[in-house]
């Protein structure tokens with residue numbers, strides 16, 4: 001079985017990198033990445049920059065994205081603009097996009113990676129908790145996509161990749177809120193691909209599985225989730241890595257996928273087909289993880 005590419009657990013750049021794609025695949029492109037200060041979004045920014053792209057990374061904490069940007073610039077030599085923005089607030093989105101366009105003069109790629117999630121039975125889910133996840137995942141994705149379309153993509157074309165999830169593919173216990181929010185984003189992907197395709201705008205979703213070294217995995221499964229994976233029969237029996245997700249996003253964002261639009265690319269080692277889907281099993285998983 002092929003070994004996964006090297007990765008690091010925290011929000012740090014890779015100590016070394018071997019190109020699997022042409023190093024100038026995204027030469028002089030500019031990518032606007034929500035949630036780019038940590039986790040999957042951070043690694044997407046790094047991999048894009050290692051392939052010639054400049055990036056704008058946005059998040060609610062300016063300090064966090066500024067720290068991340070310094071790491072990215074030091075590791076890749078490309079430009080990275082950190083901006084504070086809440087995807088739920090359209091005026092903030094408009095301001096951030098204006099700042100990015102002022103800095104770079106263009107935005108070629110949008111990665112919607114901002115998200116929020118937690119485990120909760122539907123019966124215990126508060127109105128506000130459900131709304132919060134939908135506001136970040138679904139409304140936030142629409143807000144940023146809409147603003148970028150009006151300010152640049154409508155006249156110049158572009159690429160949008162929405163980071164979603166496999167939760168809605170079969171229904172998942174304890175994940176009604178996130179599953180519903182991400183399913184809506186996948187539907188949005190298809191609608192926008194149809195409506196905006198004639199203006200040379202490609203729109204796709206990428207649905208990761210369980211990915212090591214992410215805050216999402218730590219929140220959902222405990223700090224030692226990796227060691228528990230062997231108890232489940234994933235077709236590819238390991239966690240995915242942030243670098244693997246970033247490589248898949250790189251493909252969708254690049255000219256390699258020039259005729260790909262309106263799809264949901266699942267990158268989870270096949271786990272959506274076999275992951276346990278009973279409350280008892282998942283609660284046991286949580287209990288086991290908490291003791292490790």
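Cβ coordinates come from backbone N, Cα and C, glycine included.
The candidates are 64, 150, 280; Swiss-Prot tags 64 with the feature N6-acetyllysine. Counting only the Cα atoms, the space from residue 118 (substrate binding site) to residue 151 (N6-acetyllysine) is about 34 angstrom.
Its Cβ placed at the centre, residue 151 (N6-acetyllysine) has 17 other Cβ atoms within 10 Å. Working note on the binding-site residues 38, 63, 126, 128: by count of other C-beta atoms within 10 Å of each C-beta, 38 ranks first.
The closest partner of residue 63 (NADP(+) binding site) among the recorded positions, by CA position, is 88; the full candidate set was 88, 127, 128, 151.
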